[in-house]
Amino acid sequence: MRTLWIMAVLLVVVEGSLVQLGKMIFQETGKNPATSYGLYGCNCGPGGRRKPKDATDRCCFLHKCCYKKLTDCDPIKDSYSYSWVNKAIVCGGDDPHLKEMCECDKAMAICFRENLDTYDKKKKINLKLFCKKTSEQC
């Protein structure tokens, strides 16, 4: 059962370089990224963009929009470099496309931190059955 859970988390946590994104989320929020955000709301995890349930879910919606704009990089395969300086994420590296991906992940981690006060534990495991499509554009 534990192996199944670990595999599910690896598949569901948001797209991109999971190690780097997970570190950013933990650094900004102090929360375990997989268990706190992997299945949160209607937009965190796999699937298309849906009507956000709250501000935290909107962070995931905006992250998917940010990834949609990326060019010449694969958020699933590619990785980037960043550092944690004076409690701030600093995207690095010479590749502008990877830096752009890093900025998407940075924005999501900061968004999660800025919305910790509205984080709803009841929404952290949402199977997306009652999520509605949205006409909201990126």
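Each residue, glycine too, has its Cβ placed from N, Cα and C.
There are 26 other CB atoms within 10 A of the CB of C42 (disulfide bond), with all protein chains counted. Per Swiss-Prot, disulfide bond is recorded for C42-C131 (among others), and the stated evidence type is similarity to another entry.
Look at C44 (disulfide bond): DSSP puts it in coil. According to Swiss-Prot, the feature disulfide bond maps to C44-C60 (among others).
The annotation disulfide bond is assigned in Swiss-Prot to C59-C111 (among others). C59 (disulfide bond) carries a helical DSSP state (H, G or I).
According to Swiss-Prot, the feature disulfide bond maps to C65-C138 (among others), an assignment based on similarity to another entry. Just so you know, the Cβ of C138 (disulfide bond) picks up 11 other Cβ atoms within 10 Å once every protein chain is counted.
Every protein chain considered, the tally of other Cβ atoms within 10 Å of the Cβ of C104 (disulfide bond) stands at 25. According to Swiss-Prot, the feature disulfide bond maps to C66-C104 (among others), an assignment based on similarity to another entry.
A simple way to gauge crowding: the CB of C91 (disulfide bond) has 19 other CB atoms within 10 angstroms, across all the protein chains here. Classification of C91 (disulfide bond) by DSSP places it within a strand. The feature disulfide bond is assigned by Swiss-Prot to C91-C102 (among others).
Sequence-distant contacts of the region 'Important for membrane-damaging activities in eukaryotes and bacteria' (121-133) (same chain, six or more residues past either end, CB-CB distance under 8 Å): 35-37, 39-42, 45, 47-48, 50-51, 53-54, 56-57. Here Swiss-Prot flags 121-133 as region 'Important for membrane-damaging activities in eukaryotes and bacteria', drawing on similarity to another entry.
Taken from Swiss-Prot, the feature signal peptide applies to 1-16, supported by experimental evidence.
Residues or ranges marked as site 'Important residue of the cationic membrane-docking site (MDoS)' in Swiss-Prot: K121 (among others). Its Cβ placed at the centre, K121 (site 'Important residue of the cationic membrane-docking site (MDoS)') has 8 other Cβ atoms within 10 Å. Reduced to three states, the DSSP call for K121 (site 'Important residue of the cationic membrane-docking site (MDoS)') is helix.
The Cβ of K124 (site 'Important residue of the cationic membrane-docking site (MDoS)') has 17 neighbouring Cβ atoms from other residues within 10 Å, across all protein chains displayed. Under the heading site 'Important residue of the cationic membrane-docking site (MDoS)', Swiss-Prot lists K124 (among others).
Secondary structure from DSSP puts K128 (site 'Cationic membrane-docking site (MDoS)') in coil. The Cβ neighbour count for K128 (site 'Cationic membrane-docking site (MDoS)'), using a 10 Å radius over every protein chain in view, is 15. According to Swiss-Prot, the feature site 'Cationic membrane-docking site (MDoS)' maps to K128 (among others).
The site 'Cationic membrane-docking site (MDoS)' annotation in Swiss-Prot covers K133 (among others), and the record cites similarity to another entry as its basis. Its Cβ taken as reference, K133 (site 'Cationic membrane-docking site (MDoS)') is surrounded by 10 other Cβ atoms within 10 Å in the chains shown. Annotation note: K133 (site 'Cationic membrane-docking site (MDoS)') sits in a strand segment as assigned by DSSP.
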Checklist entry - Near C111 (disulfide bond), which disulfide-bonded residues out of C42, C60, C65, C131 have their CA within 10 Å? => result C60
Checklist outcome for this item: Its Cβ having more other Cβ atoms within 10 Å than any other among the disulfide-bonded residues C44, C60, the winner is C44
